[in-house]
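The next block holds one structure in the form of structure tokens; read it before the comments.
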Amino acid sequence: MAAAIEIPTIVFPNSSAQQRMPVVGMGSAPDFTCKKDTKEAIIEAVKQGYRHFDTAAAYGSEQALGEALKEAIHLGLVSRQDLFVTSKLWVTENHPHLVLPALRKSLKTLQLEYLDLYLIHWPLSSQPGKFSFPIEVEDLLPFDVKGVWESMEECQKLGLTKAIGVSNFSVKKLQNLLSVATIRPVVDQVEMNLAWQQKKLREFCKENGIIVTAFSPLRKGASRGPNEVMENDVLKEIAEAHGKSIAQVSLRWLYEQGVTFVPKSYDKERMNQNLHIFDWALTEQDHHKISQISQSRLISGPTKPQLADLWDDQI
């Protein structure tokens, strides 16, 4: 077997412990039905060099991920210290008194003593114990961002997670959080890809020492119709000029922006291809062409119907 690729890491600017996160992670959002496939794919990913694994309570993949990582450690492929595991707090537990129990439950399911990163999945709270997806709007409750964040901070102080952050927060929602936070969020995980580049959010996060992690970096997910990234003629042209795939061009662009990313592929070849982005670069002309790509959001939100103010009109 080919040697595992060494993935670059990024230091959390707001971390006193100089904590490092691999720039590429493996996503595990639900579009699978077989737990065995998930487990096998994760073990294969470890063999290829992946060390960062992204899950969430709502994904239904924590158990399979935990079993796979336990086996990988048992096989001597990796140690727990080498791994970086992220999970997320679902909206039903997005209440101050439920954060710590939710994290403990995730740790038990993952068979881990601590997480490397724990994120608030959405800036929304809903009825405790009433899981539905999409979330019914009538189940939503006021989101106590200050109280929930204090509970997140407590999780970090207890050593149950090494770092805390958020997901799907707009600039405005980040500003609100920063105004009440004692421990600042280290990450905002959001949809980001070449057809949804989020320049304003990237600039705000850079100014405030927050790392952006891109989910749906290849614009796969809840898409209907053509994929504006993978079927883009401009990107096809750039990829051919470099002898690379469109996926590699897309991930290389994110890397050059200082963005981390968690593509999901359980295909052995694509999994490997997604790591071959560190020994070449896009040209200035490539960047100009990419900046001209038409922009639109793919994931509009987790509720039914959609909320008009979820993104605060952010482009």
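Backbone N, Cα and C define each Cβ position, glycine as well.
What Swiss-Prot records for TYR59 is active site, proton donor. Per Swiss-Prot, the feature site 'Lowers pKa of active site Tyr' maps to LYS88; the stated evidence is similarity to another entry. The substrate binding site annotation in Swiss-Prot covers HIS121 and rests on similarity to another entry. Feature annotation from Swiss-Prot assigns NADP(+) binding site to 216-274; the stated evidence is similarity to another entry.
Reduced to three states, the DSSP call for the residue listed as 'substrate binding site' is coil.
Within 10 Å of the C-beta of SER216 (NADP(+) binding site) we count 24 further C-beta atoms, all protein chains included. The recorded positions examined here are LYS88, HIS121, LYS264; by Cβ neighbour count within 10 Å, the least packed of them is HIS121. According to DSSP, SER216 (NADP(+) binding site) is assigned to coil rather than to any helix or strand.
Cα to Cα, GLU240 (NADP(+) binding site) and TYR59 (active site, proton donor) are separated by 35 Å. In the three-state DSSP scheme, LYS264 (NADP(+) binding site) falls into the coil class. Counted within 10 Å of its Cβ, the other Cβ atoms near TYR59 (active site, proton donor) come to 21, all protein chains included. Cα-Cα distance from GLN248 (NADP(+) binding site) to TYR59 (active site, proton donor): 26 Å (rounded to the nearest whole number). Here the CA atom of GLU256 (NADP(+) binding site) lies 26 Å from the CA atom of the residue listed as 'substrate binding site'. Only LYS88, from the recorded positions LYS88, SER216, ASN232, GLU256, LYS264, ASN272, place their Cα within 10 Å of the Cα belonging to the residue listed as 'active site, proton donor'. Separating the Cα atoms of GLU256 (NADP(+) binding site) and LYS88 (site 'Lowers pKa of active site Tyr') is a whole-number distance of 26 Å. In the structure shown, across all protein chains, ASN232 is the one of the binding-site residues ASN232, GLN248, ASN272 with the greatest number of other Cβ atoms within 10 Å.
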